[in-house]
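A.B. asks: Just dropping this structure here.
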Amino acid sequence: MCSENKEASSRITWEGCSVLLDINDGDRLVFARLSPAAKLKIGNKNCSLKPLIGCPFGTVFQLDSSSDGPFLSPLQPKGNVNNTEEIKDGQLNGEVRDNRSLIDNNTAQSLTGEDIEDMRRQGAKGDEIIEALIANSATFEKKTSFSQEKYRLKKQKKYAPKVLMRRPVARSICEAYFKKYPLKIGFLRVDTLSLLLSMANVSSNSDILVVDMVGGLVTGAVAERLGGTGYVCNTYLGQAPYSMDIVRIFNLSDEICKRILRCSMSDLLSQKESQQQNLLNDESQSNDQMNVLGGIEEISHSSENAISDLGAENTTLPALRACKAAKAGEKASPEVVDSWKENGFSSLIIAAPDVDTWTLVKDLLPLLSNSAPFAIYHQYLQPLATCMHNLQLGKMAIGLQISEPWLREYQVLPSRTHPCMQMSAFGGYILSGTKICSS
Amino acid sequence: MCSENKEASSRITWEGCSVLLDINDGDRLVFARLSPAAKLKIGNKNCSLKPLIGCPFGTVFQLDSSSDGPFLSPLQPKGNVNNTEEIKDGQLNGEVRDNRSLIDNNTAQSLTGEDIEDMRRQGAKGDEIIEALIANSATFEKKTSFSQEKYRLKKQKKYAPKVLMRRPVARSICEAYFKKYPLKIGFLRVDTLSLLLSMANVSSNSDILVVDMVGGLVTGAVAERLGGTGYVCNTYLGQAPYSMDIVRIFNLSDEICKRILRCSMSDLLSQKESQQQNLLNDESQSNDQMNVLGGIEEISHSSENAISDLGAENTTLPALRACKAAKAGEKASPEVVDSWKENGFSSLIIAAPDVDTWTLVKDLLPLLSNSAPFAIYHQYLQPLATCMHNLQLGKMAIGLQISEPWLREYQVLPSRTHPCMQMSAFGGYILSGTKICSS
Amino acid sequence: MLAIDSTRKISFNRSISNGDLVIVYERHDNMKAVTVSEGSVLQNRFGVFKHSDWIGKSFGSKVFSNKGGFVYLLAPTPELWTLVLSHRTQILYIADISFVVMYLEIVTGCVVLESGTGSGSLTTSLARAVAPTGHIYTFDFHEQRAGSARDDFERTGLSSFVSVGVRDIQGEGFPQEFAGLADAVFLDLPQPWLAIPSAAKMLKHDGILCSFSPCIEQVQRSCETVQSNFSDIRTFEVLLRTYEVREEKMESSQVNGNGSNGSLPCKRRQCSGGAGVLTYPTSSVMARPCGEARGHTGYLTFARLK
Amino acid sequence: MLAIDSTRKISFNRSISNGDLVIVYERHDNMKAVTVSEGSVLQNRFGVFKHSDWIGKSFGSKVFSNKGGFVYLLAPTPELWTLVLSHRTQILYIADISFVVMYLEIVTGCVVLESGTGSGSLTTSLARAVAPTGHIYTFDFHEQRAGSARDDFERTGLSSFVSVGVRDIQGEGFPQEFAGLADAVFLDLPQPWLAIPSAAKMLKHDGILCSFSPCIEQVQRSCETVQSNFSDIRTFEVLLRTYEVREEKMESSQVNGNGSNGSLPCKRRQCSGGAGVLTYPTSSVMARPCGEARGHTGYLTFARLK
């Protein structure tokens, strides 16, 4: 969640650092915290994450074997890592050989599983195993070059899996969740998130009010932008704060973590004098504390609807403990709350898929400074339309606009350029505007 | 509206034929009925449409002058007519010359309006005038080649306007209205219209029930597809049929016109025996009859919200009278209505922007044969969502789907290929499904 | 499939007969074409359905299996057929198909040339549009694929409007006998530019060509080739976005600032309060776009013969 | 524009002072940047507004002209600035800008190189993201354009985070002094492939390049060029669709089959009837997409230095 003296922008990993592991070109995405004892299971092999400590982000690791067992070693860059795209579209390449006569069952392969294990024990690299598999395949030569590439890639994924170590920042975290577990982040797409941050003018020294029912993604992204200045006030209805799990995945410095505060909506809306009393409220319902153990979180095809912990919890605890002092999401002190009430928030972001928009906005808008922008995300148009209508009638805001972001990715390859065949057709809707002085 | 023995698919115009005139690459779009006396005003010149009779559709005419005045003469095809696209995007061509130092006022041109009129009287062709203008322009040589092309095009449009004669079919009629007068057709875009026809399985020998509050565009498009077989039943709420003006723009044969019938919703929903009595109803409220005189309709930039008649009504009347017998949209006879009630309609299309969808569907769906498909167009999502929900609850239909067509046009030019910079962002929504037997 | 013989068109009085082609509908994404045959059965995850139970029922009926499971029997249409046909190639779907038919201005009586035939998805809709007086001549390079397509058109009752030829249109062009006779030509070929000169020869004056290509490089090359003989050159992309409809309940909580209340119970839909401010209905039917969609099928380039 | 000096950030207690930059808002599509100057006036179709009336008012205030017309005075933000700046070139808008900042992973403290500066629309958002500890080095070929941009950054208070250089980046590349120092590089150039090798030299390991190009041919060529030194090459297009909101009344007529009734009066919104069937509210707020939209701005190609 936070690191003592490391910068969020550090480009080299450290012990206790959070990383996003991209296994086999996005087939699996795992969030992990690095420690000498942390282990990651790839296929049926358990590998230590220790070799990842002190490496630059962006390094690709390959799973190799030695007599001591499987281990991850950095790959020297040679050619583009993302070669899957090239293969996806091979049939367009003019080549129209027909594979149907080939029966690709196990009899076509003369190497047995045992043979392969033997090779491994003798220290064969993944690439060598793949070459051996190809040499012993009765059908490889007859395949189209497209099918050959596909075969090679399949075997590479199995026998020489690659792990790309990415920096866990708003972009990569949002993309990983959107791909593997979108429900957790309310289907908030990366371009939509980026618009929320712009439209709410998130900038240093600002005090940003957020209603984050998307697991802490918005809170973390705002804190990342504030860079240890200003405040993120994460507010909530009722007495139990919303989960902020995802904030822990960012490598936020202590300085930044301290700027993430919580405050219930009723405390924000109450008069200043009632503040003291609310301090006594029980905070035991915090969802976040229950999940503090999750050191490695996986988002993968196999567990599409659950973040599964990979059994390395205890090894990462020391790292978490080390920064306990600066836990993100402390309750806002009465002094800070009073200063918010006195000055007004700089802007407001709402990402609350299950709460009626107008109900929230009606109460929260008065907490903003005049001329403060706001941006509200929703998956349905109607709540935003109703909210916009009411804001217009109430003359509470100007520059009101409902917009729907639209994102399209392209495959750009020689003679094979076109929009990707699959797309996310929906990134939600945003209502944005600027609060004006009440007349 | 209809032609005696001419086929709708004829590729040569005839006297009395309806045409779509595209003036200067879409700047003006005019629907006209050809007759020896019909005249079209281009700029300040009145030209006879007589030269257009007997020419193939697709012919481009140029406005020339003789001692007898201005006249339209067919252009020999040479190169692409649509050269505007090429020019739109010229600044991308690597050329970055700056035009700001050029003052392009009238002093840069030494030819006066009088000089040009003189040239015209002496029989100069439009192209010759343009060349003269360029030769006498003090600034032309200093312009970028992009600006030179733009200048040339501007002068061509003014001094040598081109008229492309298009066939008025569902595609061209829909596109013309969408571009110049979309309100009249309920913003129904051509791809959306094409989907309605597919989704409602419009095919020969079918009896298609339509609620057409988009000026007759759907009715005409369905009739065009039926090609003189089956029936289009154009139904309406209350006693006054909806306007069917646009049907007259199609060159539908008598055979086809006879297949377009009208029947009020109450007649369709009543018991068979009450049929006779309804025959006595006054039909004088028909909107269509009031508009029978409009022989030439124009949709142009200058009159964006009105179809203006260009004063050639009397000349086109003979043609209209000649086919009066087969006027499209006659009231359906009791026998036909009874046969519809007995057999059920083959499918249903609704394009009624101002009527609640569910109210219509609830009453009309029982008139369809079992297994009949239907397609409902609307500009708002909510009425279709509610209708779909109610159909599901009532187990009245299956295969229900709300879809939104999305259309994007591209500029494809050497080194300058990209989606067009302006697009129609919205083509409406369609609810489609198949009626099932009530259980 | 088409109601050419009007006694066969769907109607309250027409029922399923032995030999009819029916579309068995399980779910919107699970359908199957079945030719009714007195003694046959259909077996699926819902149980065993006897064809003999279907005969005499109306199209659109719900029919039951031995285990009480049910399916619907629908009359075939080109749209349903596109969802059930065997994919011998990538096929065109309804958005592209509808646009092509409209934009090629295909109506009753038209003569249309097509290559390749592929799985016959577009061909079926072309045939519907030209019937009963027009004709589709469709060509495929693959003998076997052409044969399968022919069988399909037989099965769907379209064979009198469709002729399938085996021919390498890229290499040989369309047969000379069609020169100047085609109202429209449709190309779905890897190198359409090779066939465009021949297509130009086949078309009537003012006739329209359409070429479908997945990649922009194919479009660029085709557009270059059509420049010489065609006008009105336009390239489009057509897609469909679908929506899901749900009855949603929203938490419509009120914060009164007393620091102790949590979520209030949901309010029922309320009519407008004072000052025209609308309270959003807390339980209502709402639609939103489905998340994943086909992001691209191909580019459609149209051009009109000069 | 930025609240670097926290006494200048918007707050209930901060009011407009002489010398402040304000955005004068007439309508969402009609705004103007004005620097408040005690003795000046603003004249528009609503009348004459005295700046002296504005001083001491809160940002977000409605102010009146001599004729009783009014405008709102807003605090400047990069988003509002993008809507009011002088267009010296085609500019980037909010959808592309937001995506670029996020996808280049730009946060406080980053060093970012940009070329061309153009009208400074993107630069303003880049500066917001790196402030207060990072810096933007932006280069434009045109001396005059660079000068105007410098003036703009002075006016918007960003000059301590942005340095504008005059340089032909396609021809000369970025200055050597930045080699290995850039967290991100952004290119908006007619021939980006010429600048890519230099961009690669400037980037830190794992740093990200983005190139914006309107035409696909530029993208094809750039993608070829980045192959050698970059991984994670991805090309996107980002657009925004806007919606219009209206209170709509629908005719909700009932046909009873008696042949004589016309339209019944509209029913008011009804709560669910029997069997859960919903009657559609006949008067309600509804949203639909606006008809015309920007159909394309450009392609964004991202690549990560290996």
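Each position is counted from 1, following the chain as shown.
Each Cβ is built from the backbone N, Cα and C atoms, and glycine gets one as well.
Below, the features straight out of TrEMBL:
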type: BINDING; residues: C:Ser119, C:Gly120, C:Ser121, C:Leu122, C:Asp140, C:Asp168, C:Asp188; note: S-adenosyl-L-methionine binding site
A.B. asks: Counting across all protein chains present, how many other Cβ atoms fall within 10 Å of the Cβ of C:Ser121 (S-adenosyl-L-methionine binding site)?
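C.D. replies: C:Ser121 (S-adenosyl-L-methionine binding site): 23 neighbouring Cβ atoms within 10 Å.
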A.B. asks: Does DSSP put C:Asp188 (S-adenosyl-L-methionine binding site) in a helix, in a strand, or in coil?
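C.D. replies: Reduced to three states, the DSSP call for C:Asp188 (S-adenosyl-L-methionine binding site) is coil.
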A.B. asks: Helix, strand or coil at C:Ser121 (S-adenosyl-L-methionine binding site), per DSSP?
C.D. replies: helix
A.B. asks: For a quick check of understanding: among the binding-site residues C:Asp168, C:Asp188, which residue's Cβ has the most other Cβ atoms within 10 Å?
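C.D. replies: Answer returned by the neighbour count: C:Asp188.
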A.B. asks: DSSP secondary structure for C:Asp168 (S-adenosyl-L-methionine binding site), reduced to helix/strand/coil, please.
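C.D. replies: In three-state terms, C:Asp168 (S-adenosyl-L-methionine binding site) counts as coil.
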A.B. asks: With the S-adenosyl-L-methionine site defined by the record as C:Ser119, C:Gly120, C:Ser121, C:Leu122, C:Asp140, C:Asp168, C:Asp188, how many Å span the farthest pair of C-alpha atoms?
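C.D. replies: Between the outermost Cα atoms of C:Ser119, C:Gly120, C:Ser121, C:Leu122, C:Asp140, C:Asp168, C:Asp188, the distance is 20 Å.
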A.B. asks: Using Cβ-Cβ distances, find the residues under 8 Å from C:Ser119 (S-adenosyl-L-methionine binding site) that belong to the same chain and are at least 6 apart in sequence, listing them in sequence order.
C.D. replies: C:Leu85, C:Ser86, C:His87, C:Arg88, C:Thr89, C:Ile91, C:Ala149
A.B. asks: Using CB atoms and a 10 A radius, I'd like the single residue among the binding-site residues C:Gly120, C:Leu122, C:Asp140 with the highest neighbour count.
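C.D. replies: That would be C:Gly120, with the most Cβ atoms nearby.
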A.B. asks: Can you see whether DSSP assigns C:Asp140 (S-adenosyl-L-methionine binding site) to helix, strand or coil?
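C.D. replies: In the DSSP reduction, C:Asp140 (S-adenosyl-L-methionine binding site) maps to strand.
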